[in-house]
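Here's the structure we're looking at; comments come further down.
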Amino acid sequence: MSEQYDVIVLGSGPGGYVSAIRCAQLGLKTAIVERELLGGICLNWGCIPTKALLRSGEMFHQMKHAKDYGLAAENITADLDAVVKRSRGVASQLNKGVTHLMKKNKIAVHMGTGKLVAPGKLEVVGEKGTETLEAKHIIIATGARARDLPKAKADGERIWTYRHAMTPKEMPSKLLVIGSGAIGIEFASFYNDMGADVTVVEMLNRIVPVEDADVSTFLEKALTKQGMKIMTSANIGTIEAAKSGVKVAIKDKGGKEETTEFSHVIVAIGIVPNVENIGLEDLGIEPDKRFHIKVDGYGRTNVKGVWAIGDCVEGPWLAHKASHEGVTAAEAIAKEMGNKDVHPHPLDRNNIPGCTYCHPQIASVGMTEAKAKEAGFEVKVGNFPFIGNGKAIALGEPEGFIKTVFDAKTGELLGAHMIGAEVTELIQGYVVGKTLETTEAELMNTVFPHPTLSEMMHESTLAAYGRALHI
Ligand SMILES: Cc1cc2nc3c(=O)[nH]c(=O)nc-3n(C[C@H](O)[C@H](O)[C@H](O)COP(=O)(O)OP(=O)(O)OC[C@H]3O[C@@H](n4cnc5c(N)ncnc54)[C@H](O)[C@@H]3O)c2cc1C
């Protein structure tokens, strides 16, 4: 007889494992199915190991600038193998942490590849052979994988996806990064810090194109100053990988095509959802326009009892969004099963922060100035530079700014856009504010500690109303 659960979660990334924990907390008998490593892409191949690499790159960079702080550090060298080993160690520590959390919450872990074979029925082919599991509800959290460039499929030798870039066999001497979203820019930043000669090619007219245009302009200048070559409105022509390198034809924004040889290429042009071979078609589960699984605000698909969350549904494709959706779906399931104490809310996509951990860091939430204007808002915009902040100067990090966008009529905070040191930690202040539907009045009346970088969040709000104190 097949094993019976209240909920089975397919995939154990930050969407799946968090959802399973919340289901278990709500008293639901829960199982999780994973074909590779508990923790999914985020813990093993994404957010966490990249931050470990970036930390090494950043320290290396800082050590080279020790003199600026009155210190001496001579003969500084980087050992790429040791840097990668540390990053893999961090990932492995967190993978073990998720194993512990599954045990602690009494969640049954089935290692293997899962496929829906009927509503409420999942077949798992794995370490125990073929098992059939049954549940009242199934949550699909199968995530996504790197999108390949059709004309240059990643080979792990010269042409890399993020997985290869995270565990390099050798240090690239001349690196081309195709795509300037968060993943592309983070790898460009890491390898540039480690000493590679880095070129970034972006098809659109600015890098980090989802961010506010002012942030893109500032970042392009900062990365160029750090020695990177940035090409926007540029197109990749032929790519020829050989044993010694990759010859890539690039058409620049003026239409001039030139072929350059790189030692390695990282393809970072987005992701594709893992929606194949999991039984969606047979069950009639509908995709959305971009071939992700179509869901409502709680994660319900069009088939009763089947839910989907995370990177396999609509974006933004971020770990915290996946986890939040996981909690919402778990609570909506508990509610359907009669729990009267849970009150799930549909996800508000306007309040999901986005962070990029290059240096200077980038963080944002809500509408860009352009998007707010397009949406018909009359806006008040505040801008405060890092150079006007005592803590930033003391840290030796005077580069960056904080921009805020308010609705001129109501004072509602519509968006916040930051670039500079530690902004990925600061953004949460604005996210809390936005979730509470804050206006300029509460932000102005909030006391910010001194000396902190957070004072710039206050100053940016004041600047939007012509009241900034330190510029
Ligand atoms: C290099 C990189 C850096 C990133 N950095 C950040 C960051 O800093 N911040 C951030 O928020 N996001 C970041 N992301 C994105 C983040 O990793 C994803 O948004 C997040 O992992 C999505 O979570 P998920 O649970 O939907 O899916 P995933 O983490 O992709 O997990 C899905 C899991 O499902 C398993 N699976 C798939 N199909 C099956 C099947 N049929 N049977 C069994 N198991 C299956 C997979 O093996 C996988 O473990 C980064 C991504 C990359 C690639």
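Note that Cβ sites are derived from N, Cα and C of the backbone, with glycine treated the same way.
Taken verbatim from TrEMBL:
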| type | residues | note |
| --- | --- | --- |
| DOMAIN | 5-326 | domain 'FAD/NAD(P)-binding' |
| DISULFID | C42-C47 | disulfide bond |
| BINDING | K51, G114, D311 | FAD binding site |
| BINDING | G179, S180, G181, A182, I183, G184, I185, E186, E202, G270 | NAD(+) binding site |
| ACT_SITE | H450 | active site, proton acceptor |
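Features per TrEMBL, on structure.
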| residue | record | Cβ contacts under 8 Å, 6 or more apart |
| --- | --- | --- |
| C42 | disulfide bond | G13, P14, I48, A319, A322 |
| C47 | disulfide bond | P14, A319 |
| K51 | FAD binding site | Y357 |
| G114 | FAD binding site | I8, L10, V33, R35, L122, E123, V124, I278 |
| G179 | NAD(+) binding site | V201, E202, V267, A268, I269, G270 |
| G181 | NAD(+) binding site | V208, P209, V210, A268, G270 |
| I183 | NAD(+) binding site | T50, Y162, A268 |
| I185 | NAD(+) binding site | V177, V200, I207, V208, L219, L223, T356, C358 |
| D311 | FAD binding site | G13, G15, I41, G143, A144, I271, P273, N274, W317, A322 |
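Proximity to ligand 1 at the level of Cβ atoms, with a cut-off under 6 angstroms, picks out C42, C47, G114, I183, D311 from the recorded positions C42, C47, G114, I183, E202, D311. The Cβ of H450 (active site, proton acceptor) lies under 8 Å from the Cβ of G390, each on the same chain and at least six residues away in sequence. Reduced to three states, the DSSP call for K51 (FAD binding site) is helix. Around E202 (NAD(+) binding site), taking its Cβ as the centre, 24 other Cβ atoms fall within 10 Å, counting all chains.
Across the domain 'FAD/NAD(P)-binding' (5-326), mean pLDDT in this model comes to 96. Take the mean position of the Cβ atoms of G179, S180, G181, A182, I183, G184, I185, E186, E202, G270, the recorded NAD(+) site; other residues of that chain with a Cβ within 8 Å of it are V177, A188, I207, V208, A268. Reduced to three states, the DSSP call for C42 (disulfide bond) is helix.
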